[in-house]
Amino acid sequence: MADLALPDAPDAPGVADDGVWLHCIECGRDHAPFDDIIYTCPDCGGLLEARYDRYPTFDGFDGRGVWRYNVALPFEAGVTLPEGDTPLHRVPRLRESIGVRNLRIKHEGMNPTGSFKDRGMTVGVRVAEELGVDRLACASTGNTSAALAAYGARAGLQTLVLLPAGKVAAGKIAQASLHGARILEVDGNFDACLDIVQGLADRGEAYLLNSLNPFRLEGQKTIGLEILEAFRDDHGRFPDRIVLPVGNAGNTAALYKCFRELVAGGDLAEEDVPKLTGVQAEGAAPMVEAIEEGLEDTRRWEHVETIATAIRIGNPVNAPKALPGIRATGGTAVSVSDSGITAAQRDLAEEGVGVEPASAASVAGLRKLREEGVVDADEDVVCLTTGHLLKDPDAAAAAGSDPEPVANSTEAVLEHLAE
Ligand SMILES: *Cc1c(COP(=O)(O)O)cnc(C)c1O
Ligand SMILES: [Zn+2]
């Protein structure tokens, strides 16, 4: 069983480098962070997490964006475009229609390549520089490949991405392509792509920048830090609940780590930790199954399908980190239909917030949990929207209304409008 407890007074082990090391959540052994390239524990294969000889506090943050939080990160600065500092929208009509005290939308689609993956990549690519690698790689449902391609280009490194053929939204492939990634389309789903790219990384062919890489999650912690700071500034307290779409469960794991570190540092009371609430599509819901059945890890779903291609994942690699987070914070996990996702995408669009389908899953899940009475009317809720509308122009066009052909004259247009 994974042990995610943080020590009260962290003592750097001998393997630490400048107060940073990697800790195995399964066997508890510590490893040097930047000597050999490791993604999982060399002793037991367990997931690793970055540990520090210090904990962050709110008064230690300075500047803007991801690197504002550098006291909580392994380096002071990194390859930046810049990322983070995304809006926390108010959506009054949607709040009213769902029926909660406060509803804010943390729109991660406003990052430089249009998804939260940029936050992980700015840190991950900085680590790659430290390790001296020359080729970066990832498996991706699309957004990781777009971020990897852009940040890799910025750093002057080669990039290789493996994508499930026919299942990646157009905007994302266009980004990876223009930013110069070598794109391999695999006849299989995301999970198969990840198996292959892990094989390449194990053979030393490339540096793996999927969320299995613990440093990616360090960057993604900053979503939680931004939410807590901004929500407290506006409302004088922290939100009760954060609802987010779940694919590989990297963000769920990252938010939980953010909260654990703030609690250990003394700036967040245990009872103020927001309830982590994960949302998956009905056709790809192994995390929901694991929560409902009380499993320690997910069962791999071989066949997954959903309009929300960014979360079309059957084997969430970060489940051993994320499941304890959902449970320990008193959260839950819920699955939503594709039609519910599209309806939520329209609801957000009506408030001026344009998101891709996977992002809208968070709002669809909140609505469902509110209807079921799992979420109370007096809760303060933040929904995470993970990617921008233009990522998946086909889904957006299908969810919106059709253009109307008209003749080429003002008279004809007036007549058409009057119909
Ligand atoms: C990557 C991604 C997700 C899934 O996030 P995980 O951290 O893998 O759970 C959700 N939505 C979008 C738009 C993404 O790009
Ligand atoms: Zn181990």
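Heads up, the Cβ atoms here are built off N, Cα and C, so glycines get one too.
For reference, TrEMBL has these:
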DOMAIN    79-387  domain 'Tryptophan synthase beta chain-like PALP'
MOD_RES   Lys117  N6-(pyridoxal phosphate)lysine
BINDING   Asn143, Gly247, Asn248, Ala249, Gly250, Asn251, Thr386  pyridoxal 5'-phosphate binding site
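Summary of the pyridoxal 5'-phosphate site environment: with the site residues Asn143, Gly247, Asn248, Ala249, Gly250, Asn251, Thr386 set aside, the chain residues having Cβ atoms within 8 Å of the Cβ mean position are Phe116, Ser211, Pro245, Val246, Thr252, Ala310, Ile311, Asn318. For Gly250 (pyridoxal 5'-phosphate binding site), the same-chain residues lying six or more positions away in sequence with a CB closer than 8 A to its CB are Gly120, Ser211, Arg216, Leu217, Gln220, Val317, Asn318, Ala322. On the 0 to 100 pLDDT scale, the domain 'Tryptophan synthase beta chain-like PALP' (79-387) averages 98 in the predicted structure. Of the recorded residues, Asn251 (pyridoxal 5'-phosphate binding site) and Lys117 (N6-(pyridoxal phosphate)lysine) place their C-alpha atoms 9 Å from one another. Following the DSSP three-state reduction, the secondary structure of Gly250 (pyridoxal 5'-phosphate binding site) is helix. Site extent for pyridoxal 5'-phosphate: the farthest pair of Cα atoms among Asn143, Gly247, Asn248, Ala249, Gly250, Asn251, Thr386 sits 15 Å apart.
In this structure, Thr386 (pyridoxal 5'-phosphate binding site) belongs to neither helix nor strand by DSSP; it is coil.
Gly247 (pyridoxal 5'-phosphate binding site) sits 12 Å from Lys117 (N6-(pyridoxal phosphate)lysine), taking the C-alpha atoms as the reference points. If you take the Cα of Ala249 (pyridoxal 5'-phosphate binding site) and the Cα of the residue listed as 'N6-(pyridoxal phosphate)lysine', they are about 13 angstrom apart, rounded to a whole number. Lys117 (N6-(pyridoxal phosphate)lysine) and Thr386 (pyridoxal 5'-phosphate binding site) are 9 Å apart (CA-CA, integer value). You'll find the Cα of Asn143 (pyridoxal 5'-phosphate binding site) roughly 7 Å from the Cα of the residue listed as 'N6-(pyridoxal phosphate)lysine'. Cβ contacts within 10 Å of Asn251 (pyridoxal 5'-phosphate binding site), excluding its own Cβ and spanning all protein chains shown: 30. Here the CA atom of Asn248 (pyridoxal 5'-phosphate binding site) lies 12 Å from the CA atom of Lys117 (N6-(pyridoxal phosphate)lysine).
For Asn248 (pyridoxal 5'-phosphate binding site), the same-chain residues 6+ apart in sequence whose C-beta sits under 8 angstroms from its C-beta are Asn210, Ser211, Leu212, Ile313, Pro316, Val317, Asn318.
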